[in-house]
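**Student:** First the structure, then my questions, so here it is.
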Amino acid sequence: MGYLSCKAGSAVAIAVSSAASTSGSTSSKASAPPESPIEDRPRLRRFLHRDLESATGGFDINNLLGRGSHGSVYKAVIGSRHIAVKRPSKSREISREFHNEFEILSRIRSPRFVNLLGFSADNSKEPLLVVEFMGNGSLYDVIHSDTVLNSGAISSWSKRIKIALQIAKAVHLLHSQETPIIHRDIKSANVLMDKNLNAKLGDFGLAIRCNVDDQKVKSTPPAGTMGYLDPDYVTADRLSTKTDVFSFGILLLEIISGRKAIDVRYSPSFIVDWAIPMIKRGKIGGIYDPRIGPPIDVSVRNHLGLVAAKCVRTCREKRPGMEEVVGWLTGLTKSVRSRRWDELSIGNPCMMVETVGGRPVE
């Protein structure tokens, strides 16, 4: 059906032969946290289109979970298991992104991703993807719904920092592959919450598996979502893993503040234009979600905001890598539990000129 890859040698055909070969894996050389291993070429199940169509009630709108960048997602039950079925839109460009998601997710699996479980590829029918069912919707819904807030999903800073850490680990896993994967569309709507309110990164339609010097990168137009898109990523040759770091920084500000990336009800409407000046003026407590107030521990309050500020630096070379971000957030989770600060040091020789309460924002 098609290929989409940065290197011809690593391309995966969306065909029956692809699924048949999934059990023969080669281990990745990339390092990953032991609690979030990546499985290379996971085993996939091939479904009949008619079975998936029936399981969704004929793609009944009552089973519609949401619409993504390249199709719709429906709830279904196969046997006793809840699954989600992704159905592509009819646009050729959308179909290409849909196939790209298959190419990426058919090769990796992790507890930090919304994993691919199977597919249907009947010649006379549209292709369908079967992914894990996430019972608590998207992080966007969690953050921006008072109903969910009241249920306790993000009612404490320990829970919010845990969610941020889980997302950071997901992005780090992508970047640490032997051939890095750049997601290009990290946002709260693409982070889904499972039944235990663990965060998983999904929607890999815009992702690219390649080294930044590959010709494929240089010929792929910039893409992403307004509000999360790296301002440095204006031409194809400016794509790098730091593009994802910027988007993660926006998402972290969203988790911290409870505000949307862009919200026209406020001035300034862009979350960076509002939050970063407050951090520079030493008013970091003012960026925290007023529904639960800032963290009690002043060190946690300051350092969490500083991590976000580092990620959204205009100069991409001064942004941290996701491995650093994972380390900082891991320290913060420990500090929130112990209410003391001794695990995190975010010193960096690339220092910004602004200060927080008289100290540099590094």
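The backbone N, Cα and C atoms fix where each Cβ goes, glycine too.
What Swiss-Prot shows for this protein is this:
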BINDING   Leu65, Gly66, Arg67, Gly68, Ser69, His70, Gly71, Ser72, Val73, Lys86  ATP binding site
COMPBIAS  21-32  compositional bias 'Low complexity'
CARBOHYD  Asn136  N-linked glycosylation site
MOD_RES   Ser219  phosphoserine
MOD_RES   Thr220  phosphothreonine
MOD_RES   Thr225  phosphothreonine
REGION    21-43  region 'Disordered'
**Student:** How many other Cβ atoms sit within 10 Å of the Cβ of the residue listed as 'phosphoserine'?
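**Tutor:** Taking all protein chains shown, the residue listed as 'phosphoserine' has 10 Cβ neighbours within 10 Å.
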**Student:** Between the Cα atoms of Thr220 (phosphothreonine) and the residue listed as 'N-linked glycosylation site', find the distance and write it as a whole number of Å.
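**Tutor:** Answer for this pair: 34 Å between alpha carbons.
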**Student:** Please identify, from the binding-site residues Leu65, Val73, the residue with the sparsest Cβ neighbourhood, meaning fewest other Cβ atoms within 10 angstroms.
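**Tutor:** Per-residue Cβ counts within 10 Å for the binding-site residues Leu65, Val73 bottom out at Leu65.
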**Student:** So how many other Cβ atoms are close to Arg67 (ATP binding site), meaning within 10 Å of its Cβ?
**Tutor:** 11
**Student:** C-alpha of Arg67 (ATP binding site) to C-alpha of the residue listed as 'phosphoserine': distance in Å?
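**Tutor:** About 28 Å separate the Cα atoms of these two residues.
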**Student:** If you measure Val73 (ATP binding site) to Asn136 (N-linked glycosylation site) at Cα, how many Å is it?
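**Tutor:** Just about 14 Å between their Cα atoms.
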**Student:** Please report the Cα separation of Asn136 (N-linked glycosylation site) and Leu65 (ATP binding site) in Å, rounded to an integer.
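**Tutor:** Between the alpha carbons of Asn136 (N-linked glycosylation site) and Leu65 (ATP binding site) there are 11 Å.
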**Student:** Measuring Cα to Cα, how far is Thr225 (phosphothreonine) from Gly71 (ATP binding site) in Å?
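**Tutor:** Cα-Cα, rounded: 16 Å.
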**Student:** In whole Å, how far is Ser219 (phosphoserine) from Gly71 (ATP binding site) when you measure between their Cα atoms?
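**Tutor:** The separation of the Cα atoms works out to 24 Å.
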**Student:** For Ser219 (phosphoserine) and Leu65 (ATP binding site), what Cα-Cα distance in Å is obtained after rounding to a whole number?
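**Tutor:** Here the two Cα atoms lie 34 Å apart.
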**Student:** Validating a neighbour-count step here. Other CB atoms within 10 A of the CB of Thr225 (phosphothreonine): how many?
**Tutor:** 19
**Student:** Tell me, by DSSP, whether Gly71 (ATP binding site) is helix, strand or coil?
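**Tutor:** For Gly71 (ATP binding site) - judged by DSSP and reduced to three states - the answer is strand.
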